[in-house]
Amino acid sequence: MLFSRPGRSIFPLLPPYGAHDPNGGRRIIPLNPDGITPYLGLRSRLSQVWLNRWTILLLLVLARVLIAVAGMQSDMGSAKREALSACTSVESMGSAMVSMPHYLSQGVNELTAAGVEKAVSALKTMLLLTITGVEELILFFIKVMYQTYLCLFTMVVRGSVHLALGVVEDAADFLNSTVKSIGQDIHKSVDSFESSLNSFIDDINGIASALLGEIPKLDISDKLDKLDSLSLPSSIDSTIDKVNNSIPTFDEVDKYVTNILRTPFEEVKRLVNGSLSNYTFDRSALPVPAKEQLSFCDGSDGINSFFDKVAHITTTARTIFIAVLIIAAVLVCVPVGWQEIRRWRTMKERSQLVHKDAHDPMDVVYIVSRPYTAATGVKAASRFSNSRRQILVRWVIAYATSPPALFVLCLALAGLFSCLCQYILLKAVERTVPELTSEVGQFAGKVVDKLQDTSAKWAADANSAIADTNTDLNKNIFGWVNTSTTAVNDTLDAFVEKTTGVLNDTFGDTVLSGPVQEVYDCLIGLKVEAVQKALTWVHDHAHIDFPLLPNDTFSRGAADSISDGSSNPSDSFLADADDQTSNKITEVVFRVTDKIEEGIRTETVISAVILLVWVVNALIGVLRALSLFWSRERTRGEGGGGAPMPAAPADSHGFVDVPLTAIPDVASHSQPAPRYEGPAPALAVSRDIPYGDEKLGSVGQKALHVDGISDLRGSSYVEYGMEKR
């Protein structure tokens, strides 16, 4: 589209070198004048290489990193003071902890003594009940045994005696009655025979008495009278009655055994009551540890060495950042200088486009002023065959890489790079925190070790007192139990011996001695033997053993709080109840690192937002281009496409009119900028209006009178129809 404007005084785009040539002829404008120029030459440009954006950004990053390092050093200095203060607090707390046995032992000693006294009191009651129960059980058992077997013995012996007496009486009665009857019959027969014989003798005596003398008479009646009085001796009945009357009643055994058994038990109960009724544990035998004072902060290089190492890291990092960034800022001048040389050469080459009428002068100015972004746009546009789309692609790239947009992008990248440098420094510091944690852990270990030593010493002394109590009770109480069990065993032996003696005295010379002894061994002897074995077991196991105090009575909780198995870091005795770290000292360092990390995070977010602004700006250009990319191009009849700019010859003042054309020449791909189709026919241009006076400045030129040309310039935008982009 052509714009008609009245003539006005303007500063020409291309200064008319030699416009006041005294010869009045038209001169060729030099592309690289050797004299003084109003624009910067190559040497002038190279003299400002160190002011390039990358060097400035790197120096800004360096300044931000140095500020961060200084802030970290200041924060670490404060953290060191707080850590030393916390160490002093931990030292005081550790001293209080290792002195806790001094205070706790008094209560624990009282608890231990009271526990022993209550145990002894319960032991006394239990012993008395046990002794009484065992006493009665043994007596009951023995009485049941010998009274049961007494009944058995009585039944057997008395039954046998009664049977024998009956048999003897029957035999005596039978013998007495039978012998007398036989004696009487014999007596009668003998008397008859004797009478006859005596008569016969009398007759003989009468005849032969003169010759032989007198024959004696037969007299056996006296002998027969003895037969009449024949009977069994009465001693048989008396012997059997003696056996019957001599069966033992075990009254003596009962009385003897009862007295013997009750004597040791009653003696034991008397001794137990006398010894344990007023038993009091000797509390003075339990020790009370002395107070302790720890001092591991003074003269300890743990905290100082940690913060010295952190200071060394920050100093080293600062030196490295200064060296690297300054070297990078200096080295970046080399490619920037080389870039300026190439840009200068490219500008000289492309400045010739101003003399050609096939190029849009604004495009030429853009290509010359922004060679790299313009070249990128040209390369990206070469993928499209449509000139409209080629121009849109170049426009998008130009929109996204405009100086304001590039400033925003570079600012965002510089901020992100600064955050990266600070993050590297932060991680270098955080890697040293475990060393401080280890050192603080050693502090806790020192406290626990001291506490364990105190606890172990106290436990050893207390256990010694408890062991003495065990020995005393075992000697004075269970010694009596051992004595009583031995006495009971002796009593049972006496019982067995006495019972066996009674049985031997009773049945020793009778046929019942063997069976009675066997019955006794089977029914009583085996039971007594079992009881003796039980009493022997009681004798071997009757002793008291109070549990001893562990060596870590006062240190177990502290040791568990710093052990690896502790799942909650706030359980550490070096931490407060609401702390999330294992101790106060490392919490100070973590607070500093968290603060720095929060600052880095904030700066990262700000840089990301700035980068997002550039992305949004680029997306706006992309969306605008896409809206035109797919829309149909309007024809001239629809209001699109202005008339071609006519070629204007140079005027008498030496200005060169560059015609504006809008249609590219797709056949020209070797040019640094797209060519447009052939020039339109020349149009007569009125130059009646003179140029206004304009002072050129310090170049020493005179004021130029330039005639305004109404059709010299059109719109400064790339035009498609009536649209401007």
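Cβ coordinates come from backbone N, Cα and C, glycine included.
On a predicted model such as this, the values are computed, not experimentally measured, just so you know.
Sequence annotations record features per position, and here Swiss-Prot assigns N-linked glycosylation site to N176 (among others) based on sequence analysis.
Residues or ranges marked as N-linked glycosylation site in Swiss-Prot (evidence: sequence analysis): N244 (among others).
The N-linked glycosylation site annotation in Swiss-Prot covers N273 (among others) and rests on sequence analysis. Counting only same-chain residues at least 6 apart in sequence, those with a Cβ under 8 Å from the Cβ of N273 (N-linked glycosylation site) are K124, L128. Secondary structure at N273 (N-linked glycosylation site), as computed by DSSP, is helix.
What Swiss-Prot lists as N-linked glycosylation site is N278 (among others). Of all the Cβ atoms in the protein chains shown, 6 others lie within 10 Å of the Cβ of N278 (N-linked glycosylation site).
For N482 (N-linked glycosylation site), the same-chain residues 6+ apart in sequence whose C-beta sits under 8 angstroms from its C-beta are H539, A542. Annotation comment: Swiss-Prot describes N482 (among others) as N-linked glycosylation site.
For N489 (among others), the entry in Swiss-Prot reads N-linked glycosylation site. In the three-state DSSP reading, N489 (N-linked glycosylation site) counts as helix. All protein chains considered, the CB of N489 (N-linked glycosylation site) has 17 other CB atoms within 10 Å.
The annotation N-linked glycosylation site is assigned in Swiss-Prot to N504 (among others) on the grounds of sequence analysis. Here the Cβ of N504 (N-linked glycosylation site) has 13 other Cβ atoms within 10 Å, regardless of which shown protein chain they belong to.
All protein chains considered, the CB of N551 (N-linked glycosylation site) has 17 other CB atoms within 10 Å. Look at Swiss-Prot and you will find N551 (among others) tagged as N-linked glycosylation site, backed by sequence analysis.
According to Swiss-Prot, the feature topological domain 'Extracellular' maps to 1-53 (among others).
The topological domain 'Cytoplasmic' annotation in Swiss-Prot covers 75-136 (among others). Regional average pLDDT for the topological domain 'Cytoplasmic' (75-136) in the model is 79.
Annotation comment: Swiss-Prot describes 158-318 (among others) as topological domain 'Extracellular', evidence class similarity to another entry.
Look at Swiss-Prot and you will find 340-394 (among others) tagged as topological domain 'Cytoplasmic', backed by similarity to another entry.
Feature annotation from Swiss-Prot assigns topological domain 'Extracellular' to 418-602 (among others).
If you look up Swiss-Prot, you'll see 624-725 (among others) marked as topological domain 'Cytoplasmic', on the strength of similarity to another entry.
Below 8 angstroms of C-beta separation, residues 311, 314, 317-318, 321-322, 325-326, 328-330, 332-333, 336, 410-411, 413-414, 417-418, 421-422, 425, 429, 592, 596, 599 of the same chain, each at least six residues beyond the ends of the transmembrane segment (54-74), sit close to that stretch. What Swiss-Prot lists as transmembrane segment is 54-74 (among others).
Under the heading transmembrane segment, Swiss-Prot lists 137-157 (among others).
Of the candidate glycosylation sites, N278, N504, N551, the one lying closest to N489 (N-linked glycosylation site) when CA atoms are compared is N504. Long-range contacts of the transmembrane segment (603-623) within the same chain, counting only residues at least 6 positions beyond its ends with a Cβ under 8 Å from a Cβ of the stretch, are 395-396, 399-400, 405, 408-409, 411-416, 418-419, 422. Helix, strand and coil counts from DSSP across the topological domain 'Cytoplasmic' (75-136) read 61 helix, 0 strand, 1 coil.
For the recorded site, N482 (N-linked glycosylation site), the DSSP three-state label reads helix. The secondary structure of N278 (N-linked glycosylation site), as reduced to three states from DSSP, is coil rather than helix or strand. Rounded to a whole number, the C-alpha distance linking N504 (N-linked glycosylation site) with N551 (N-linked glycosylation site) is 65 angstrom.
Between the C-alpha atoms of N278 (N-linked glycosylation site) and N551 (N-linked glycosylation site), the distance comes to 31 Å.
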